[in-house]
Amino acid sequence: MEEAEELLLEGKKALQLAREPRLGLDLGWNPSGEGCTQGLKDVPPEPTRDILALKSLPRGLALGPSLAKEQRLGVWCVGDPLQPGLLWGPLEEESASKEKGEGVKPRQEENLSLGPWGDVCACEQSSGWTSLVQRGRLESEGNVAPVRISERLHLQVYQLVLPGSELLLWPQPSSEGPSLTQPGLDKEAAVAVVTEVESAVQQEVASPGEDAAEPCIDPGSQSPSGIQAENMVSPGLKFPTQDRISKDSQPLGPLLQDGDVDEECPAQAQMPPELQSNSATQQDPDGSGASFSSSARGTQPHGYLAKKLHSPSDQCPPRAKTPEPGAQQSGFPTLSRSPPGPAGSSPKQGRRYRCGECGKAFLQLCHLKKHAFVHTGHKPFLCTECGKSYSSEESFKAHMLGHRGVRPFPCPQCDKAYGTQRDLKEHQVVHSGARPFACDQCGKAFARRPSLRLHRKTHQVPAAPAPCPCPVCGRPLANQGSLRNHMRLHTGEKPFLCPHCGRAFRQRGNLRGHLRLHTGERPYRCPHCADAFPQLPELRRHLISHTGEAHLCPVCGKALRDPHTLRAHERLHSGERPFPCPQCGRAYTLATKLRRHLKSHLEDKPYRCPTCGMGYTLPQSLRRHQLSHRPEAPCSPPSVPSAASEPTVVLLQAEPQLLDTHREEEVSPARDVVEVTISESQEKCFVVPEEPDAAPSLVLIHKDMGLGAWAEVVEVEMGT
């Protein structure tokens with residue numbers, strides 16, 4: 001009986017243990033039987049698939065009712081149009097991750113066996129927002145397709161998706177030919193890239209005195225170098241690590257031996273004949289060279305890797321096989337390296353990689369690949385916040401820092417900052433006033449290289465009438481933009497207004513130069529002294545004072561400091577006044593004088609005289625007027641005619657003494673005083689009636705000193 005009860009208790013304990021969750025090594029289970037070293041913690045409930053999709057949804061996409069499947073959510077484009085070639089991923093395959101955690105073989109091989117529809121099923125079963133992308137009902141409705149790159153699932157746009165359209169899954173059409181995203185080439189291309197990167201890293205870590213015949217180190221044992229080499233590959237395409245490649249394929253083994261490529265290398269053996277023939281070197285004029293096959297179009301090895309490949313200090317340069325005559329050339333570009341020269345010689349610095357579209361040459365092949373995106377329009381770097389895409393990784397990183405408000409390259413001379421070192425260098429040319437980029441045909445210099453490239457296109461145009469003549473004056477213009485700016489001269493339109501003073505300008509560049517007068521910014525500094533100027537023409541005129549350059553007038557020989565002042569000076573000799581006033585017709589030689597004159601026609605005259613109240617538009621005009629109110633200093637008396645010829649009139653001041661007389665002796669007033677009233681009708685003249693017995697001397701005395709009117713009461717005294 002007791003034995004039965006013990007068996008019953010042991011059965012209950014076994015049942016209870018079976019219901020409890022199994023503990024693994026990650027939860028602190030001790031295999032020696034001592035128990036758990038760490039207890040279980042409360043795990044919060046996992047979020048639903050819709051919540052995960054909302055959290056991982058890129059910018060420019062939104063969730064909404066699907067038109068392909070009723071009562072289901074779909075992914076809609078609500079931002080900028082999605083261009084073909086846009087790539088999202090790698091996707092997190094939910095089923096594969098669960099099976100991998102349980103120790104079961106993943107179902108990627110099963111999906112691959114099902115063909116392209118297996119990838120569609122895997123995309124629908126992913127754990128991100130791509131699980132809500134519905135299938136299209138017809139092939140014509142599909143615009144996105146699942147693709148695999150190095151056995152990792154991605155989602156790619158293969159048709160233009162306009163705003164307001166739903167993203168619908170459909171396998172990528174096979175008529176587009178082999179591409180990087182198809183499963184047939186991604187594995188071999190990834191193996192080729194890892195082989196290339198590993199060999200370059202092995203050459204880098206090898207010592208200079210190492211024998212070339214010694215096999216290179218196994219890449220599996222150099223994990224830090226392998227990680228560094230993997231990071232050198234462009235982030236546009238993420239390839240698996242060396243461990244994953246070694247699991248899916250045979251061990252790579254030594255790649256270089258006795259200076260030749262190992263013919264038994266598994267990576268080379270796995271490559272198809274097209275890739276093997278394309279990995280051959282383009283021979284240099286001296287007959288030697290080496291190359292490594294790049295993964296595919298768009299894979300950009302780092303500049304540091306290309307520099308190592310071109311370095312003459314490499315001690316184990318591989319020699320590639322000669323391509324077979326009948327081998328088919330594929331679209332994979334090659335990385336070629338100059339042969340190592342003698343000791344002490346510098347590497348070749350020629351720009352050997354030339355663009356077939358525009359003829360621009362580059363030092364490194366990776367730079368040529370980046371430049372090719374300009375012509376193809378391929379922009380693999382997509383901003384998930386605003387939806388803008390870039391073809392350059394440097395510009396993309398600077399754009400992402402701009403969302404955070406970070407500009408890591410400030411200008412040391414002003415308060416501006418930039419996101420890239422290239423933009424900062426172009427800006428610093430503005431402070432120096434230099435124009436380092438000169439046209440080799442006409443000699444015109446520019447401060448920026450893009451401006452020079454645009455200028456060179458004007459020389460490529462044949463000598464023919466300009467396609468954009470002005471309909472008003474017939475002047476030929478280069479393009480429509482120049483014509484629009486020119487038409488503002490005829491229409492008088494000035495669309496660019498200054499927010500500080502309200503002054504209008506025809507061109508935006510003139511407004512920017514004018515705003516510096518308000519902000520006090522002086523970016524143009526003189527290289528000879530400490531002066532700075534807000535506009536570049538002012539700096540050029542100032543530089544003449546240091547160089548001693550002068551412009552002589554051909555008429556009078558006067559030296560002027562700039563051509564603008566010389567032209568204005570020549571108008572003084574010719575009598576030309578090309579700036580007339582539209583209101584009164586008065587003309588001037590300079591536009592600045594005309595603008596100053598136009599202010600006199602304004603009704604508002606803020607500068608008024610405190611004495612007489614007369615108004616003026618300019619302060620200098622008011623100061624000139626106030627000089628007329630100042631009392632004149634006493635001066636020498638003018639000569640007077642003889643008293644015998646005509647009577648003499650003398651004005652008396654406030655002092656009792658007389659200031660001027662017609663004789664040397666003092667004149668005394670007579671007893672007879674005649675009062676005369678002078679009116680305006682007599683034209684500022686008065687007549688004193690003559691008496692036959694009166695003396696010829698008369699004295700005029702003002703009754704009230706200081707009056708300016710002519711209607712005054714004066715006293716005329718008869719001298720005895």
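In case you wondered, yes, glycine gets a Cβ from its N, Cα and C as well.
Zinc finger is the annotation Swiss-Prot gives to one range among 4-26, 50-72, 73-95, 579-601, and that range is 579-601. Zinc finger is the annotation Swiss-Prot gives to one range among 110-132, 133-155, 248-270, 409-431, and that range is 409-431. Listed ranges 437-459, 644-666, 667-689; the one Swiss-Prot annotates as zinc finger is 437-459. When the ranges 216-238, 607-629 are checked against Swiss-Prot, the one recorded as zinc finger is 607-629. Segment annotation: Swiss-Prot labels zinc finger over residues 353-375 (candidates 353-375, 698-720). Long-range neighbours of the zinc finger (607-629) within the same chain, counting only residues 6 or more positions beyond its ends whose Cβ lies under 8 Å from a Cβ of the stretch, are 596, 599-600.
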